[in-house]
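A short worksheet on the structure shown next.
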C-alpha cells in the first residue's frame, strides 16, 4: 500500500538513481529497442523501394496504366502521411525522422533524461507508420496480386518484372504486418491499470503497470495480423480478377458500414472535432484489411475489460468472414469454366488457412495476455502522458 501512494516525482527520481548505479541492467533492452527501430526503417524503405521498382518495370514494359496505378498509390499514401505529419508534428521526414529521433534517444542509455519521452515518440512513429502502411501497402498488394493473376501471361517472359511483382507483394505484406505489430506492441506496453476497486479509475486510486510481452506473445501478435491481412488481400485480389470495378463497390460498402459504426459506437470526447471525423474516415479504410483500436491513437481509453475490448474484433472478423465467403463464392462461379478445378480449391484453401491462422493466433494471444494480468487489473487501450513518462523507467 505504501508503494501505491508514493509520489510520482519521488518514484521517478528513485528509479533514475537506481539506473545510474546499475546502468548495464538496461543496456540490453535499449539495444533491442534500437534494433527494432532500425528494422522498422529498413522494412519501410524496402516496401516503398520495391513498389517503385515494380512501377519502373511497368514503365519499361510500356504498361503505363499499371505504372500510373502503382506509383499513384505510393505517392498518395506518402503525401497524405506527410501532410498529417507536417500539420500535427512538423517533422519534415515523417516516418524515418520519427524512428531516427526515437532510436537516437534509445541508444543513449547513460543519459537518464532521454528516457522521458521515448515511449510517446515511438508510439507517434508507429501510429504514422500504421496509417501509411495501410494506405499504401494494402491497395498495392491487391493491385499487384490482380496483375499477377489477371495479366500474368503478359509478364511471364520478363523475369525482372516477374520478380518485382512478387517482391512488392512480400515487402508490402511484411510491412503491413510489422507496422500493425509495432503499433499494438507499443500501445499495449503501458496499458494495464491495477486498481483497489474495479470502479475506481482516477489517478489517486490506481497505478499503471507495464505489460511485458515475451517472444511467444510477439510471435502470436505478428501471425495474428499476418493471417488476417493475407486472407483479406487474397479474397479482394481474386474477386478483382473477375469483377474488376465491383471491388471498389465492396470496399465502399465496407467503409460505409464501418465508418458509421465507428462514429456512433466509438464515442470519445473528441467526437465532434473535424480532425477526429477525418481520422474515423481514414480508419474505416484501414478496417477494410484489419481492425485496430482507434481510441489509442488519441490517447483515449476508459479502462476496458479485456473480454469487452475483444468484442469489436469479433464483430469485425465476422463481417470480414462473410464478405470473404461471398467474394470467393462469386469468383469461383465466374472462373469455373476457365480455371482448373484444383487451382480454385488451392486458392480457397489458402484463404481459409490464412484466416484460421489469424483467428487462432488472436485467441492464443488473448489467453497469454490474460494469464499475465493481475486478478484486480483491467485493460486500457492507452494511458495518460504523465504515466508514460514515469513507467518508461521501469522498462528501460
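Note: Cβ is positioned from N, Cα and C throughout, glycine not excepted.
Heads up, TrEMBL stuff is auto-annotated, nobody curated it.
Owing to the predicted nature of the structure, the values given are computational and were not obtained by experimental measurement.
Looking at 198-218, 219-239, the range annotated in TrEMBL as transmembrane segment turns out to be 219-239. Given the ranges 276-293, 294-311, 366-383, the record in TrEMBL names 276-293 as transmembrane segment. Taking Cβ pairs closer than 8 Å, the transmembrane segment (65-84) reaches residues 48, 51-52, 54-55, 58-59, 94-95, 128, 131-132, 135-136, 139-140, 143-144, 147, 168 in its own chain, all 6 or more past its ends. Away from its own ends, the transmembrane segment (245-264) comes close to residues 142, 236, 239, 271, 277, 280-281, 283-285, 287-288, 294, 316, 319, 323, 327 of its chain (Cβ-Cβ under 8 Å, at least six residues beyond either end).
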